[in-house]
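Enquirer: The structure's right below; bear with me while I get my questions together.
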Amino acid sequence: MTLSIPFDNSYARLPDSFYARLTPARVAAPELIAFNMPLAEELGISGTDDPLLAAIFGGNTLPEGADALAQIYAGHQFGGFSPQLGDGRALLLGEVIDRSGTRRDIQLKGSGPTPFSRRGDGRAALGPVLREYLLSEAMHALGVPTTRALAAVRTGEDVYRETILPGAVFTRVASSHIRVGTFQLFASRQQYPELQQLFEYTRDRHYPETKTPGELLAAVCQRQAALVAQWMSLGFIHGVMNTDNCTLSGETIDYGPCAFMDQYHPDTVYSSIDQHGRYAYQAQADIIVWNMAQLATAMVPLVQDQDAAVSEFTEIINAMPNLIRGEWLNRFGAKLGLAAPQPEDARLIADLLHMMQAGGSDFTNTFRALASGSARDEITDRESYDAWHARWQERIASEAAPEARMHAVNPAFIARNHRVEQMISAALEGDDSLFHHLCAVLSRPYEDQPDAEELRRPPLPSEVVQATFCGT
Ligand SMILES: Nc1ncnc2c1ncn2[C@@H]1O[C@H](COP(=O)(O)OP(=O)(O)OP(=O)(O)O)[C@@H](O)[C@H]1O
């Protein structure tokens, strides 16, 4: 049986200063954990059996038409600039045009060392691979623009982190892997012809409706503003919003130390390495502006009249907080059942959030309970809640079918971090059943699933875990 992937590799046609061409390193005993058949069909991939899929998506067999390469990029990590990062453990196999006509990257992550590995081994551990698979598919099911998960394969080899862990390879699908850091690389090296080529490539691939660098920048800012507001409306904390983890496409990328918040608090941080809360839940709205300012800075050399570029780009960046506020209002307004939220509704939303914060309410369950009338049970200050509830009822009295609207945006099921950790612990013992169960439940997050009710429960104090970089 053969596997056919209809590759059409445009990035590989860019100059070789954009990447290093190489083949994946072999693994000892590839074993398929998961293959995302609906996504494969979307991509036009056909002809599949498990050993062949394991060989291809473990990196042992290069599929016909692939042109594997590690992409180069730079990036600000926790605010400090790294002039050269690049795929240190990932390889772009190539691109396909999917059924809807969109170009999509297929990339192996954990496929061995590359010229950009620095001191890393080029590998990924099983836990983070399963976490990325589950989280990215859960985000997709929630309606969030995101990279997708095509496959996860055990390698049969160990990786050495704080402890010895089983290795795995993850196959990621993305509408591209162009990062703010990709622009920063060429700008910081003053490779202006490449910067121009990258700009044209990005524009043609993602924003064909734009012409100038300023128009492209504004379009990216719009998508990123929408993305961050959507994350926040779901209680999602990305955890590592470095500029190399910030895409031009507006998709969420790199599910490292990320998590959905359980108890609502705006300062919530999950990542153990984010010691100053740079990427805390609430800080995400400011950080995305900072990241876009880095993109703007990198794009200035694209414009001949640089003073004009600086003032145009500054205006675009300065407009972002308002954009985010607007997106936030729409998202949170919908969570309260409002079809057309107004600026004055921000007070109503904020007052609910304050009550949730004061009592440590569960973010997801409180919003889900609004439509069924049981949100009062989630709030400790009942008197304040009753007063708020009366204001809210008055506001939505004229809304048609607010319950349906609320159910469509307030999920019942999110990937709770303690469940993700339990899933990883089981997989480390060779039991993948919880992984598959979570994938199935989280593929329908807005539906009531009485059989899976236990997965809605917030963690007990003993179950709370911090997301960490441990064992990436
Ligand atoms: N085990 C490793 N071996 C080599 N390089 C690594 C390893 N882990 C991370 N890196 C590199 O360190 C940099 C930052 O890592 P980060 O965890 O943000 O990325 P990642 O999860 O590997 O990749 P991506 O951003 O593509 O999801 C990247 O250049 C990445 O390739």
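Any Cβ shown, glycine's included, is placed from N, Cα and C.
So TrEMBL lists these for the protein:
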- D244: active site, proton acceptor (ACT_SITE)
- G86, G88, R89, K109, D121, G122, R172, R179, D254: ATP binding site (BINDING)
- N245, D254: Mg(2+) binding site (BINDING)
Enquirer: In Å, rounded, how far does the Cα of G86 (ATP binding site) sit from the Cα of D244 (active site, proton acceptor)?
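Expert: Each residue's Cα considered, G86 (ATP binding site) and D244 (active site, proton acceptor) end up 9 Å apart.
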Enquirer: Checking proximity to ligand 1 here: which binding-site residues out of R89, R172, N245, D254 have their Cβ closer than 6 Å to it?
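Expert: What lies within reach of ligand 1, judged by Cβ under 6 Å, is R89, N245, D254.
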Enquirer: Can you give me the Cα-Cα distance between the residue listed as 'active site, proton acceptor' and D254 (ATP binding site) in Å, rounded to a whole number?
Expert: 9
Enquirer: Cβ distance under 8 Å to R172 (ATP binding site), same chain, sequence separation 6 or more: which residues?
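Expert: When sequence neighbours closer than 6 are ignored, R172 (ATP binding site) has A90, D105, I106, Q107, L108, K109, E132, S136, T147, R148, A149, L150 within Cβ distance under 8 Å.
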Enquirer: How many Å separate the Cα atoms of R89 (ATP binding site) and N245 (Mg(2+) binding site)?
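Expert: Roughly 15 Å, rounded to the nearest whole number.
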Enquirer: Whole-number answer please: how many Å between the C-alpha atoms of N245 (Mg(2+) binding site) and D254 (ATP binding site)?
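Expert: About 6 Å separate the Cα atoms of these two residues.
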Enquirer: Write out the long-range same-chain contacts of D121 (ATP binding site), meaning residues 6 or more apart in sequence whose Cβ is under 8 Å from its Cβ.
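Expert: Residues satisfying the criterion: R89, P113, V159, Y160.
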Enquirer: Can you tell me how many other Cβ atoms are located within 10 Å of the Cβ belonging to N245 (Mg(2+) binding site)?
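Expert: That number is 21.
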Enquirer: I want to verify one value. Collapsing DSSP to three states, which class is D254 (ATP binding site)?
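Expert: Once the DSSP labels are grouped into three classes, D254 (ATP binding site) ends up as coil.
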Enquirer: Please report the number of other Cβ atoms within 10 Å of the Cβ of the residue listed as 'active site, proton acceptor'.
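Expert: Looking across every protein chain shown, the total is 24.
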Enquirer: Among G86, G88, R89, K109, D121, G122, R172, R179, D254, listed as contacts of ATP, what is the widest Cα spread in Å, to the nearest whole number?
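Expert: Largest Cα to Cα distance for the ATP-binding set is 22 Å.
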